[in-house]
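Worksheet for the structure shown next.
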Amino acid sequence: MTVLSEQDKIRLLADIVKIQTENDHEIEVCEYLKDLLSQYDIDSKIVKVNDSRANLVAEIGSGAPVLAISGHMDVVDAGDHDDWTFPPFELTDKDGKLFGRGTTDMKGGLMAMVIAMIELKQSNALKQGTIRLLATTGEETEQYGAQLLADEGYLDDVSGLIIGEPTSNIAYYAHKGSMSCVVTAKGKAAHSSMPHLGTNAVDILVDFVNEMKQEYKNIKEHDKVHELDAVPMIEKHLHRKIGEEESHIYSGFVMLNSVFNGGKQVNSVPHKATAKYNVRTVPEYDSTFVKDLFEKVIRHVGENYLTVDIPSSHDPVASDRDNPLIQNITRIAPNYVHEDIVVSALIGTTDASSFLGTNENNVDFAVFGPGESIMAHQVDEFIRKDMYLSYIDVYKDVFKAYLEK
């Protein structure tokens, strides 16, 4: 039973695209969704982070198993609106595409999940189990919305979790983690004409960076067996086969020194320098390994001068490659998207890191949502209209099939 027309489904997406949630104000989407769901007798609860940022939790059905479905409400900055062909916060329907900030990443996926819930509720299609919607704040920054929901127990009883990020018709059973590490070197300032009276923080930090580069090289020489296989994702996006060495990068541990700052002016010995690293963790080389590695190199180079801070750390999430969610997606989705579904690990990260940690409870897990991932964060972001609409039906069938397993 279809409750909403095609025009209704597009209008609902337009309504939440109009709400400007550039790294803030998700509570307005929460209030909109709460009102929408109440029209169909679906109870929901707003879980606040602060006055302007909040999550929304809603449920249909009852009892076990519990399937959590999740999407984030925040979007990245739209930049200069003059660079857009169409206004970024007005949904524009043109040439089979729905343009607007967040259409792909990921208000399209979120609204597809919400509509799927509504239509399942109205048709009394759920014979057993619970669908729990977790609409989150702050995914594009530090995942504090997802972490709050995890801390308050909303994931404690779940059997499965689907994240509706845009996946280009790829079903992800796992993804890498991500860490930000900031190394600071503190020396002693002096005039450049008398450098021996100071301690050059840049020199110290360069020594650290060079030694860490060698450590990373040594790690990659042994990083040959991977629990997470990201090769199918990469080969689909690149439209070519990749070699063994490339596969060890995509499926393995990755560390990048992306920022280096030191010194204030040319005629002074720099007293402070900082290097920032982004680290993509995997089960074989996790956050504990990374912390120990940084501390080891600091001890060797100069622990009296160097410190490390880790402002963010999100674990890799792994599940069985053929878990029941993945099985249902690969069986059902081709009927609607008219292509086979590739199964892969994801090289990025999602709210699942905060929801599940390292997934010690072996929750069935999938990242699968409408939209082409390459469109995320782009000027003139769009989602194909047919993809958005078809995923509503995909979700309905997948949710129902999973709960009836």
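We count from 1, first residue shown onward.
A Cβ is built for glycine as well, from the same backbone N, Cα and C atoms used for every other residue.
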From the candidates GLU6, GLU22, GLU152, GLU165, give the one listed by Swiss-Prot for the same Zn(2+) 1 site as HIS72, ASP105.
GLU165
Given that Swiss-Prot assigns ASP105, HIS377 to the Zn(2+) 2 site, pick the one from GLU140, GLU142, GLU339 that the record assigns to that site as well.
GLU140
What are the non-local neighbours of GLU165 (Zn(2+) 1 binding site), defined as same-chain residues 6+ apart in sequence with CB under 8 A from its CB?
GLY71, ASP105, MET106, GLY109, THR350, VAL367, GLY369, SER373
Find, among the recorded positions listed as ASP74, ASP105, GLU140, the one whose Cβ has the highest number of other Cβ atoms within 10 Å in the structure shown.
ASP105
State which of the following binding-site residues has the fewest other Cβ atoms within 10 Å around its Cβ: HIS72, HIS377.
HIS377
On the three-state reduction of DSSP, what should I expect for HIS377 (Zn(2+) 2 binding site)?
coil
What does DSSP assign HIS72 (Zn(2+) 1 binding site), in three states?
strand
